[in-house]
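To keep things clear, I will list the structure first and then write my remarks on it.
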Amino acid sequence: MMRYILAIDQGTTSSRSIIFSESGEIMAIAQKEFAQSYPQDGWVEHSADDIWHSVLETLQKVFEKCALTPAGITSIGITNQRETTLIWNKSTGKAIYPAIVWQDRRTAEQCRQLSADPERVDYVKKTTGLLIDPYFSATKVNWILNNVEGAKAAAENGELLFGTVDCYLIWRLTGGQQHVTDATNASRTMLFNIHSQQWDKKLLDLFAIPECMLPEVKDCAADFGQLDTALLGRAIPIQGVAGDQQAALIGQTCFEKGMAKSTYGTGCFMILNTGDEPLVSENRLLATVAYRLNGKVTYGLEGSIFMAGATVQWLRDGLKLIDNAEETEALAQRARRNNGVFLVPAFTGLGAPYWDPDARGAILGLTRDTGISEIVAAGLQSVCYQTKDLQKAMESDGARPCTLRVDGGMANNDWVMGFLADILGAQVQRPVITETTALGAAYLAGLQAGIYTSLAELAGKWQVERTFTPRMTKAQRNEAYCNWKEAVSRIRSH
Ligand SMILES: Nc1ncnc2c1ncn2[C@@H]1O[C@H](COP(=O)(O)OP(=O)(O)O)[C@@H](O)[C@H]1O
Ligand SMILES: O=P(O)(O)OC[C@H](O)CO
């Protein structure tokens, strides 16, 4: 009899529940967007209750969209926006402050001050694989404890719990029974030693975070507790958890050292599998836990770009040049070739490999015959050029990806994927199933449930839908990339 797995994908702008059959077929999807809140310049928050209710709604709705009932679900997997930070009261379950989202820059000044000490920068890098940046959870936890009245004392008294979104959801899904996370999410907090796989006492002291607030860290395929029966009428086990970018790597079955995936959603996150050892980057990339199974860690080298699909959203909502994201493909096809227009989308600074929070965006190279098509094309190309920046940084770290598998909303745009192959000078592979994030969570749950027996079995399921092959000459590629670098240099803050 066919078995089914339910994957919960809690993303930055929406929550989704997807039911997969054990063969990987999507049976039903329910999605719910929720509000983004920008209370001050550079601040981004989500209501904890909005996150929870959006997940709950999709959990119920997904069963209305297919003939299955909760009784037919063998296991649940969870994947989530990473780094986003929640602190809640252990007794009441109430969050003491909204979730501070990964994009939030409120602790930029604190990070600048912390980064002034090279020894500290080195310690953080060697221990956590990360750079000192507001992106990660540590300074967000510190900010909440310092800014919510009574929080510090309550935390010290053991009344408060910290968690990333996976952890908060598991707490609520299990009726407050489990305070647990997985190693991939832990590796994004800047509090976790990625070598020893323990919370790091020195970093907890640095950020004044009591250890009693922290969740237990489990493998990605493990027993994370059972669904509270009040929710769906059945105690279904939660057995797979990974941060969304790592889950995409798993869904893309990049299990061999040298394999890489790039996910083009709101931002773009490229992860290269580096095998049993973390590669501590000399080029401002991140060493991170790709997955941990049966206690064995596989590491990844990650480049994080903050603006990918978000640039398309800006073309739509900010400039009102387009009505929807899909239109960009036809418009870009109409753009004059080599028109010299570059859009650098540093709306909130630049992520990897620049890490320049004070850089700001620009459109360069405008002439009287520049039209909407050229600007739209430049917006799309900026995502590809930034991926090239990551590829270059990875190469300088001695780690060239052997293949690039792509997914996320923007990967559906053939023009973008064609240009990506051109500018990378490498093949770009798009799989049949592009819901790779949820699929990765389902695979993890399925491994723990015994539905799947090995990574090799999962790798055998991956199927390419289309391969994009470079057509640009080396000279054209070099010239275009040089012009991009020149455009970036014009907007850097230092
Ligand atoms: N055909 C397309 N061309 C360009 N961008 C697209 C296309 N389809 C979707 N997008 C962009 O991709 C993003 C949505 O992708 P998705 O993977 O759902 O993102 P997320 O999970 O981050 O919300 C949006 O920012 C949208 O602008
Ligand atoms: O929710 P997404 O898909 O934009 O992903 C967010 C990342 O996990 C942030 O690190």
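Keep in mind that glycine also has a Cβ here, set from the backbone N, Cα and C atoms.
According to TrEMBL, the feature ADP binding site maps to Thr12, Arg16, Thr266, Gly309, Gly409, Asn413. Its Cβ placed at the centre, Gly309 (ADP binding site) has 20 other Cβ atoms within 10 Å.
Look at TrEMBL and you will find Thr12, Thr13, Ser14, Thr266, Gly309, Gln313, Gly409 tagged as ATP binding site. Remark: Thr12 (ADP binding site) has Gln81, Thr84, Val101, Trp102, Gln103, Gly265, Thr266 as non-local neighbours, by Cβ distance under 8 Å and separation of at least 6 in sequence.
As annotated by TrEMBL, sn-glycerol 3-phosphate binding site applies to Thr12, Arg82, Glu83, Tyr135, Asp244. Cβ contacts within 10 Å of Asp244 (sn-glycerol 3-phosphate binding site), excluding its own Cβ and spanning all protein chains shown: 29. Mapped onto three states, the DSSP output places Asp244 (sn-glycerol 3-phosphate binding site) in helix.
Packing around Arg82 (sn-glycerol 3-phosphate binding site) is summarised by its Cβ count: 27 other Cβ atoms lie within 10 angstroms of its Cβ, all protein chains included. Here TrEMBL flags Arg82, Glu83, Tyr135, Asp244, Gln245 as glycerol binding site.
Under the heading domain 'Carbohydrate kinase FGGY N-terminal', TrEMBL lists 4-251.
Feature annotation from TrEMBL assigns domain 'Carbohydrate kinase FGGY C-terminal' to 261-448.
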Shell of the glycerol site beyond Arg82, Glu83, Tyr135, Asp244, Gln245, same chain only (C-beta within 8 angstroms of their C-beta centre): Gln81, Thr84, Trp102, Arg188, Gly243, Phe269, Ser304
Largest CA-to-CA spread of ATP binders Thr12, Thr13, Ser14, Thr266, Gly309, Gln313, Gly409, angstrom: 15
Stretch-averaged pLDDT - the domain 'Carbohydrate kinase FGGY N-terminal' (4-251): 95
Where the C-beta lies under 6 angstroms from ligand 2, the matching binding-site residues among Thr12, Ser14, Arg82, Asp244, Gln245, Thr266: Thr12, Arg82, Asp244, Gln245, Thr266
Distance from Gln245 (glycerol binding site) back to Glu83 (sn-glycerol 3-phosphate binding site), taken between C-alpha atoms, in Å: 11
Using Cα positions only, nearest of the binding-site residues to Gln313 (ATP binding site) (Arg82, Tyr135, Asp244, Asn413): Asn413
Minimum Cα separation from Arg16 (ADP binding site), reported as the residue among binding-site residues Arg82, Tyr135, Asp244, Gln245 that achieves it: Asp244
